[in-house]
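Here the structure comes first, spelled out in structure tokens, and everything after it is commentary.
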Amino acid sequence: MQQQKPLEGAQLVIMTIALSLATFMQVLDSTIANVAIPTIAGNLGSSLSQGTWVITSFGVANAISIPLTGWLAKRVGEVKLFLWSTIAFAIASWACGVSSSLNMLIFFRVIQGIVAGPLIPLSQSLLLNNYPPAKRSIALALWSMTVIVAPICGPILGGYISDNYHWGWIFFINVPIGVAVVLMTLQTLRGRETRTERRRIDAVGLALLVIGIGSLQIMLDRGKELDWFSSQEIIILTVVAVVAICFLIVWELTDDNPIVDLSLFKSRNFTIGCLCISLAYMLYFGAIVLLPQLLQEVYGYTATWAGLASAPVGIIPVILSPIIGRFAHKLDMRRLVTFSFIMYAVCFYWRAYTFEPGMDFGASAWPQFIQGFAVACFFMPLTTITLSGLPPERLAAASSLSNFTRTLAGSIGTSITTTMWTNRESMHHAQLTESVNPFNPNAQAMYSQLEGLGMTQQQASGWIAQQITNQGLIISANEIFWMSAGIFLVLLGLVWFAKPPFGAGGGGGGAH
């Protein structure tokens, strides 16, 4: 990295807005389409299962391209790569919006996923490298807010657009944001390019990465639909992923110019930070996916209202993050993360105790609001720990690798959560159904009560079956909340293996 004077004043503010908007745009796009899949599939004359490839295609392409960011940044420069990625993302978004067939949409979602990969790691790296060292914690805090708020806004915005406008606007909204990001970046970072190196292309590493991570991501996305290892396709994808990733690790550790710099894991703080942020994000993101589905399927919420019930989690971080960033240099990051994990556990236990049939909007919204304290003390401190002790020229590679592990953990968390939810519901459904028989006086009393309300026996059976399904879904969700709370308490000990001092992005030690 060329040693340049950090930005100041208005230039610093404009750059912060530009990089935060780019992060917001990319994270938003990974969740905004989820609730609109039925609308998109119906409009393009496809089945719902075919429509899910709109999500899968983006996730696979994005998972492959994120780890490449460090190598690409060394090759072409961080500023240039960031600008071209933003421009390409805006163009691909427009192309997604005008797609007239599902195949066309999936093709442009792949392009969108590929060019989106560098946006988050580079926004993080450029932010840290152009901020005054004393203010880097504030920069990370502001950046973290966008990562927190965007996944919450996605389902709300996606639901509102698909309910009221053409689904194409889900993608069109990226175009003006992309243009604004490019203009602001040119104004502030032109002439501040990072040093480049003419490195040969690690073709073997690239091929293994594409095959291994691509197979793994498709397996995670398609597993639940295909009933996991009952499907030959899932078994083949798993074998291919395991073999390719094992070869990738061996190859990258022995190659002179690796496309993924695994030597970063020699840093104790990088390894501990990646582990903590990935495992915690796995639980956090799994709940982000589970909660709206539970509210829609059991409690009859619309997509928009389910999103609004999840939204309060973003309120506290918006208020607290700048304050935490301001005083971060006086705080032990491990204490903040410990507080965060305790609050996560408290909120998951809270849900497990209070989620029941007939609960109101507040029963869902209040735990989300309080969980905001956990989220505010999560991303920024763990990112600071992860990047501490690394020289500026390794920040892009470190940021891309840590964001890759976090993104992959989110996919794994989603798959595990939704699969457990479905499987446990089936088990509870079978157990609850056993009690509905002619020999159970409570069951017969319920039938009599329903028939007294004018239902036929068939209608009463259907109503009871639906209630059993709802009970099973609630019980299985509560079991997941119990398990998540327990794992957060176990994670408390892991963060204390990190070694201070924790300077944000290059400042401070960090054990090697």
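Indices start at 1 and increase along the chain as displayed.
From the backbone N, Cα and C atoms, a Cβ is placed for every residue, glycine too.
From a predicted model like this one, the values you see are computed outputs, not experimental measurements.
Swiss-Prot lists 1-12, 129-136, 250-271, 330-335, 388-407, 505-512 (among others) with the feature topological domain 'Cytoplasmic', giving sequence analysis as the kind of evidence. Annotated topological domain 'Extracellular' per Swiss-Prot: 39-51, 101-109, 160-164, 224-233, 296-305, 356-363 (among others), in sequence order. Residues or ranges marked as transmembrane segment in Swiss-Prot (evidence: sequence analysis): 13-38, 52-72, 82-100, 137-159, 203-223, 234-249, 272-295, 306-329, 336-355, 364-387, 408-428, 482-504 (among others).
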Within the same chain, the residues 6 or more beyond the ends of the transmembrane segment (234-249) and with Cβ under 8 Å of it are 205, 208-209, 211-213, 215-216, 218-219, 222-223, 226, 228, 260, 262
Any chance the transmembrane segment (336-355) and the transmembrane segment (52-72) have 3 or more Cβ pairs under 8 A, given the pairs are 6 or more apart in sequence? no
Most Cβ pairs under 8 Å to the transmembrane segment (272-295), of 52-72, 137-159, 203-223, 364-387, 408-428, goes to 408-428
Counting only pairs at least 6 apart in sequence, do the transmembrane segment (52-72) and the transmembrane segment (306-329) share 3+ Cβ pairs under 8 Å? no
Who are the long-range neighbours of the transmembrane segment (306-329) in its own chain, taking Cβ under 8 Å and residues 6 or more past its ends? 35, 134, 137-142, 144-145, 148-149, 152-153, 155-156, 159, 288, 291-293, 295-296, 336, 361, 364-366, 368-373, 375-377, 380-381, 384, 504
For the transmembrane segment (364-387), which recorded stretch in the set 137-159, 203-223, 408-428 gives the largest number of Cβ pairs separated by under 8 Å? 137-159
Looking only at the topological domain 'Extracellular' (160-164), what is the mean pLDDT? 81
Apart from its near flanks, which chain residues at least 6 from the ends of the topological domain 'Extracellular' (296-305) lie with a Cβ under 8 angstroms of it? 35, 155-156, 158-160, 162-163, 357, 359, 361, 470, 473-474
